[in-house]
Amino acid sequence: MLLWSLLVIFAPVSEEADWLTLQAPSVVFEGDSIDLMCQKKKGWREIETMAYYKDGEKLHFSNEVSSFSISHAALSDSGNYHCSATAGKFVFPKSGDSRSVRIEVQELFPCPVLTVSPFWPIEGSPVTLTCKTQPSPQRSNAELRFCFFRDGRALGSSWSSSPELRVPAMWSEDSGSYWCQAETVTPRVRKQSLQSQIHVQRVPVSNISLQIWAPRGPVIEGGNLVLLCSVAKGTGNITFSWHRDATGTSVGRKTQRSLSAELEVPAVRQRDAGRYYCRADNGHDPIQSKVLHIHVRSPVSRPVLTLGEPGARAVVGDMVELRCEAQSGSPPILYRFYHENVTLGNISAPSGGGASFNLSLTAEHSGNYSCEANNDLGAQRSEVVPLTVTGTDGYRRDHVTARVLGVLCGGLGFITVALLFYYWSHKISGERPATHAARDASRASPQESAHSSSHPDPEELQPEYVSVGPLDMDVVYSRVWIMQPPEDAANTRRPVLENEDSHVIYSDVKETEP
């Protein structure tokens with residue numbers, strides 16, 4: 001009985017060959033579903049167990065009839081597939097395998113390739129990344145989308161239908177490992193490119209210059225000043241700094257991704273004037289600009305007008321000095337002098353300081369005086385200074401006429417007295433009438449009588465001074481003579497003075513004006 005059983009179990013079942021058949025799809029692309037179905041021939045009892053195999057390895061086993069599916073095929077799913085099953089017929093069970101079926105999963109689209117243009121980018125220049133791939137001609141309607149990555153981080157707006165990504169400017173910190181991915185929406189198949197190393201090259205800074213800019217042209221005290229430091233070339237973040245040449249002290253510093261930078265001084269003062277330079281550095285050798293001299297100009301202050309001698313009260317004919325001076329202000333300064341807002345003249349002070357204007361006074365020069373200072377940064381007007389000129393032109397003419405008349409009258413008086421004296425001296429040289437002698441004796445001073453009676457020594461004779469002209473004139477004429485001794489003095493030992501001519505001297509004495 002046992003032997004019979006063994007014979008039944010191990011007896012070869014060859015009554016019908018190929019009673020199992022594996023049904024599988026003929027064409028499979030990545031992402032497709034692979035559906036496998038193992039079927040028996042008619043006339044056989046129901047299958048009790050079923051299993052599916054790929055390349056001899058069991059994929060699935062079931063105690064009932066069932067199918068087997070691979071929902072998302074991949075290239076790795078390519079291989080030889082078959083199935084096996086056990087079934088009963090009458091009282092003896094039957095088992096067998098199907099024939100093998102070759103399934104080749106086709107590529108929906110090849111792996112993308114990342115290209116970089118330019119491959120050696122320079123800092124600040126644009127770069128284009130391209131993810132190159134395309135669907136299989138048999139599935140040309142497959143829709144692809146792309147994404148780019150750098151060091152594990154997605155770039156741009158993540159997934160896009162465009163296979164290109166344009167980077168407007170690449171910088172040294174953008175250097176790194178790049179790759180891209182491509183995928184289909186339905187079915188969803190994703191593939192990644194190989195990684196590419198991108199090294200962004202930095203350009204050293206060169207050709208640096210420092211310039212100044214002021215809103216109103218020259219640098220004016222109290223205004224704004226901008227120091228512009230710029231380079232012709234250089235990439236990446238550039239650090240600009242400004243320095244005073246005398247001490248090297250930094251007055252400002254900026255770091256930015258630009259070829260130029262500005263330093264603004266909001267309110268310039270005179271202490272800000274001097275020599276400046278700037279520096280630029282982007283990680284390579286720093287460079288320095290030439291020294292720039294900054295001049296700060298100051299508007300003029302309100303000038304002060306002063307009057308020189310004789311001061312605020314003068315007379316016609318005087319010379320007065322008008323002095324105008326602004327205590328502060330950058331040269332050159334132009335001064336204008338005014339009399340009752342009428343310009344008298346202009347004087348320039350090239351080196352600053354004040355200026356003077358000399359004026360010969362007339363009666364019309366009485367009034368208010370002022371001056372103005374201007375150095376093209378704004379004019380300033382002084383306070384008004386009054387000046388009074390005494391003595392009008394009529395008074396001056398009357399005074400001159402009176403003096404002329406006085407001189408004429410004095411001259412006529414002088415001529416009259418000279419004629420009288422000439423007549424009198426000639427009478428004395430001859431026989432003098434008694435009346436004349438008596439008149440002369442009566443007119444002589446007591447001192448003269450004493451000298452005459454005592455026959456004085458000629459060495460003791462004294463001159464006599466007599467005023468001739470009128471006393472109310474500004475010119476006085478005086479007559480001076482020496483008394484002669486009597487005629488009987490010949491008997492004495494003293495010499496007798498000659499009486500041929502009278503010794504008369506006229507002196508001119510001028511009076512000053514009151």
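Any Cβ shown, glycine's included, is placed from N, Cα and C.
Feature annotations, courtesy of TrEMBL:
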- 444-455: compositional bias 'Polar residues' (COMPBIAS)
- 495-514: compositional bias 'Basic and acidic residues' (COMPBIAS)
- 12-104: domain 'Ig-like' (DOMAIN)
- 112-190: domain 'Ig-like' (DOMAIN)
- 204-293: domain 'Ig-like' (DOMAIN)
- 303-390: domain 'Ig-like' (DOMAIN)
- 435-464: region 'Disordered' (REGION)
- 488-514: region 'Disordered' (REGION)
- 1-16: signal peptide (SIGNAL)
- 404-424: transmembrane segment (TRANSMEM)
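Helix, strand and coil residue tallies for the domain 'Ig-like' (303-390), in that order: 3 helix, 53 strand, 32 coil [DSSP]. Counting residues per DSSP class in helix, strand and coil order gives 3 helix, 51 strand, 39 coil for the domain 'Ig-like' (12-104). Secondary structure of the domain 'Ig-like' (204-293) per DSSP (helix as H, G, I; strand as E, B; remaining residues coil): 3 helix, 50 strand, 37 coil.
The helix, strand and coil residue counts that DSSP assigns across the domain 'Ig-like' (112-190) are 6 helix, 36 strand, 37 coil.
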